[in-house]
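TrEMBL lists A:Lys204 with the feature active site, proton donor. Look at TrEMBL and you will find A:Gly10, A:Phe11, A:Gly12, A:Thr13, A:Val14, A:Gly15 tagged as NADP(+) binding site. What TrEMBL lists as NADPH binding site is A:Lys104. Residues or ranges marked as L-homoserine binding site in TrEMBL: A:Glu189. Taken from TrEMBL, the feature domain 'Aspartate/homoserine dehydrogenase NAD-binding' applies to A:10-126. Residues or ranges marked as domain 'Homoserine dehydrogenase catalytic' by TrEMBL: A:136-313.
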There are 2 protein chains.
Amino acid sequence: MATVKAAILGFGTVGQGIYRIVNERKEQLAARTGAPIEIAAILVRNLERPRPDTPGVLVTDRFEDILAIPDLDVVFEAIVGEEPAGTYLEQAIAAGCHVVTANKVMYAKAGASLEAFARESGTGVGYEATVAGGVPVIKTIQNLNLANSITGIQGILNGTSNFILTKMRKEECSFADALKEAQELGYAEADPTNDVSGFDAFCKLMILSGLAFGEQPDWEHVPMDGIDKLTLDEVIDADRQGLRYRHIADVRRGEDGEILASVGPVLIGPDHPLYGVDGVDNAVAIETAYAGTLTVTGPGAGMYPTASVMVEDAAVLLKQPFRKLVTD
Amino acid sequence: MATVKAAILGFGTVGQGIYRIVNERKEQLAARTGAPIEIAAILVRNLERPRPDTPGVLVTDRFEDILAIPDLDVVFEAIVGEEPAGTYLEQAIAAGCHVVTANKVMYAKAGASLEAFARESGTGVGYEATVAGGVPVIKTIQNLNLANSITGIQGILNGTSNFILTKMRKEECSFADALKEAQELGYAEADPTNDVSGFDAFCKLMILSGLAFGEQPDWEHVPMDGIDKLTLDEVIDADRQGLRYRHIADVRRGEDGEILASVGPVLIGPDHPLYGVDGVDNAVAIETAYAGTLTVTGPGAGMYPTASVMVEDAAVLLKQPFRKLVTD
């Protein structure tokens, strides 16, 4: 039984989670995929910075060292920022590797071309972690695409926004105070612009659009609002009427075949599938041609949820007969 | 491109749904699986009974005629009752077919042996439709089993019971009146015993236990209650306190490693993931080691939801390299 060799790009929270899970689940992964997975190398930006001990693993700050590993099978990408992440993944695919990413901005822009390149190269791309963290929305839509079709998607795709809206409603606290607590709890970044402006949810929605409909709408034509303009009075008024503001990313195919998308706060009632989703959870309601509306809910971020779906992605790719199809 | 030949056993609601979807989605299925699927034969109990027109399809009341079809690839089983369904599936596997079933009582009892037999025979079993209809709980757990693990499962697995409880709460109507409406709407069977006694949910729970934990608890040791003993007063009292009765099937591994399961009405509060699931919907909250609790919600029954996941199951099986693994 040959060993599968993997590299991790970026050794922050998610990268460390991948390393831990691959080691904690050695036997399970070997049993499920047919071969044990070994983390052969880790790419870091700064070699001097303290990091957890990783015995026997090449730790390098040069991506060339990663590409030089003989028979590398899988590259996990957990770097912040679009570049050099996208270029690294392209080079990894060219080198015959499966790639797994959590990078939503990069993937919203470059996902389609990375997937096409991977197909040509006989490898695969896993990107479950780019949308809704640990919630298996990508695989659910991939399966629905086999024999059903998606007519629309509505998602709570930014946990920070949902946490803030929940806190404003339940504790009648201001946007600023709720944001401050989200930052203290580690849900929001030091610069929370991408979260509260709606851009984070927008990027995830574009990834879902590409998967569900085979295309994205023109980015400039998608109305995008964050939760930063909602006042506490509006949230409280809604609550008194039994309604709730949710920050919803919505995409569907219009009657003329064009893709219609929007991102922003929406007032919904108790019959809406996203009404009950509180706190940092993410949720996606998938409207289908044959199976009504399916809703998946769960943790949209965090070290272990995100890292575990990335390792799962790798396992799914390793089970598939990619190389066979190419060499047959 | 060779055609995949399939047979449908049973031509009631679900069987007819499969026939329609396979025909409506001909190009899509061919593109996704690599070959078009053709319904070659349909097994009916009574040849004299009127049924929709199925041009060019062998319609027979003898299972031997189905087995005699050369190069049959897939058998869809949509017969009511444990037998002869189980025996037919065993014979279909022996003949080298993938099998797809919606038969929960049969699968709760015989699923493990059918799967083992299929593995030996180089074929596969699809059983997404046995639990929660169109809700993709089986595939979600199969994926979680790759790199994560399940610590517990709580499900609303019987749509009829959930419909009745919802109606009692929202409209303050009696159990008997709510049941009558469920029957009139076609949610409950003429004999609703399996629904309201909890046995239907119990069988689905046993299937989930086998999948998540690799084993089922002793059936006799699982406390099983239906909703038929709940009074309207109890439901109304709970509602006034902001609580709700849900009929919950629960399974988890106890501290000594034994499987603990129960089926019955449970009083839950607004923080519970199943609190907001109203009407005929099914929902399953999957507690995981790494990704917190993931909840999937959607239609638990119906012609198209059930039939579409069965066709999806077939597509998943046809994409996998079963025969290759056997002949290599």
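Backbone N, Cα and C define each Cβ position, glycine as well.
Just so you know, TrEMBL annotations are computer predictions that nobody has curated.
Predicted, not measured: the structure shown is a model, and the values here were computed from it.
Shown on the structure are the features that TrEMBL records.
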{"residue": "A:Gly10", "record": "NADP(+) binding site", "DSSP class": "coil"}
{"residue": "A:Gly15", "record": "NADP(+) binding site", "DSSP class": "helix"}
{"residue": "A:Lys104", "record": "NADPH binding site", "DSSP class": "helix"}
{"residue": "A:Glu189", "record": "L-homoserine binding site", "DSSP class": "coil"}
{"residue": "A:Lys204", "record": "active site, proton donor", "DSSP class": "helix"}
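If you compare Cα positions, A:Gly12 (NADP(+) binding site) sits closest to A:Glu189 out of the recorded positions A:Lys104, A:Glu189, A:Lys204. Cα of A:Val14 (NADP(+) binding site) to Cα of A:Lys204 (active site, proton donor): a span of 18 Å.
It is 17 Å from the Cα atom of A:Phe11 (NADP(+) binding site) to that of A:Lys104 (NADPH binding site). The closest partner of A:Thr13 (NADP(+) binding site) among the recorded positions, by CA position, is A:Glu189; the full candidate set was A:Lys104, A:Glu189, A:Lys204.
A:Lys104 (NADPH binding site) has A:Lys204 as its nearest neighbour among the recorded positions A:Gly10, A:Gly15, A:Glu189, A:Lys204, going by CA to CA distance. Neighbour list (A:Gly10 (NADP(+) binding site), Cβ cut-off 8 Å, at least 6 residues apart, same chain): A:Leu43, A:Val44, A:Arg45, A:Glu77, A:Ala78, A:Ile79, A:Val80. Between the binding-site residues A:Gly12, A:Gly15, the minimum number of other C-beta atoms within 10 Å of a residue's C-beta occurs at A:Gly12.
Counting Cβ atoms from all protein chains shown, A:Glu189 (L-homoserine binding site) has 14 others lying within 10 Å of its own Cβ. For A:Lys204 (active site, proton donor), applying a Cβ distance below 8 Å and a minimum sequence separation of six or more within one chain yields A:Lys104, A:Ala108, A:Thr130, A:Val131, A:Ala132, A:Gly155, A:Leu157, A:Asn158, A:Ala249. Of all the Cβ atoms in the protein chains shown, 27 others lie within 10 Å of the Cβ of A:Val14 (NADP(+) binding site). For the pair formed by A:Gly15 (NADP(+) binding site) and A:Glu189 (L-homoserine binding site), distance between Cα atoms is given as 18 Å, rounded to the nearest Å. Packing around A:Thr13 (NADP(+) binding site) is summarised by its Cβ count: 15 other Cβ atoms lie within 10 angstroms of its Cβ, all protein chains included. What surrounds the NADP(+) site, by Cβ distance within 8 Å of the Cβ centroid and not counting A:Gly10, A:Phe11, A:Gly12, A:Thr13, A:Val14, A:Gly15, is the set A:Ile8, A:Gln16, A:Gly17, A:Ile18, A:Ala78, A:Ile79 from the same chain.
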